[in-house]
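Swiss-Prot has this to say about the protein:
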type	residues	note
DOMAIN	3-237	domain 'ABC transporter'
BINDING	35, 36, 37, 38, 39, 40, 41, 42	ATP binding site
């Protein structure tokens, strides 16, 4: 089922949560609503579900205006961050709950309910836990049961609000791979809210990146990462060194040095250059580049992160560089050592005159 939101606006007092949002989600997609806390992503999800009413605008499900349709009539499955399982019910009864609550004329027989519940528990690979209580399950198992319960009523749309946010990093990684595989089997239109950039980029077909109640960019994970539409998008999607400077011909002047720019901006315009840690080369102090000093070297699995501080005109500016953990250069670096930095690539945006993100 397709979903469209048209000119949605929602405010809570003086706080504008959603400011004229229009989006189109084709049927069968798995879409991430990504952004920092307070950007409006959960409010948008709740409006689509019918759990919140928009102040203005429309929600269309398969082309039909559902703005005034009660949440029960929208045929939406909703999965919350904190499971929301009934503690006194077994896993089986939790999954069966929605089916048993249907109006009598629509309610399946107990035999049909049992068949369907066991099929769903088999789908989420937890049929062997059917007689357990939620307290006897791990966090990851509870979330899979919550998803099975949402699917039991055969929703036309599946909405997930930070479904893995309460889980530890290892379990989150396992579950997002599982969710992607499950979606590929079911092909149900699904939207999930997350503030985890890696989660959105790894799982989604498309990413909607939001900030301050507005949409910053929509695209595939590869598009939003490699072709960011704004400084906010670049800075939010992964680690980045951020340097203020002035545009020159095909370059950016920073601290008496020049960095090659990825595109032209008017000469002399204040700009911000963004450089990924793996695109920052560390050179001997007598070479050309940005003056810096090594502050710390950390080895994190197969990568080493070098934390540096700017010198001279860049005093007070922090930088991060990344190298393979077996890079020969690491043996030559010492805390306090003066070095030079050169960017292999830099993404340049016009600087926000207010000092924020452009």
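Backbone N, Cα and C define each Cβ position, glycine as well.
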Exercise. Would you find the one among the binding-site residues 35, 36, 38, 40 whose Cβ has the most company, meaning other Cβ atoms within 10 Å?
Key: 35
Quiz item: From the centroid of the CB atoms of 35, 36, 37, 38, 39, 40, 41, 42, the recorded ATP site, which same-chain residues not already listed sit within 8 A by their CB, in sequence order?
Solution: 195, 210, 211
Exercise. Quick one: among the binding-site residues 37, 42, which has the most Cβ atoms sitting within 10 Å of its own Cβ?
Key: 42
Quiz item: Counting only residues 6+ apart in the same chain, whose Cβ is under 8 Å from the Cβ of residue 39 (ATP binding site)?
Solution: 210, 211, 212, 213
Quiz item: Sorted by position, what residues of the same chain at least six away from residue 41 (ATP binding site) have a C-beta under 8 A from it?
Solution: 33, 34, 35, 193, 208, 210
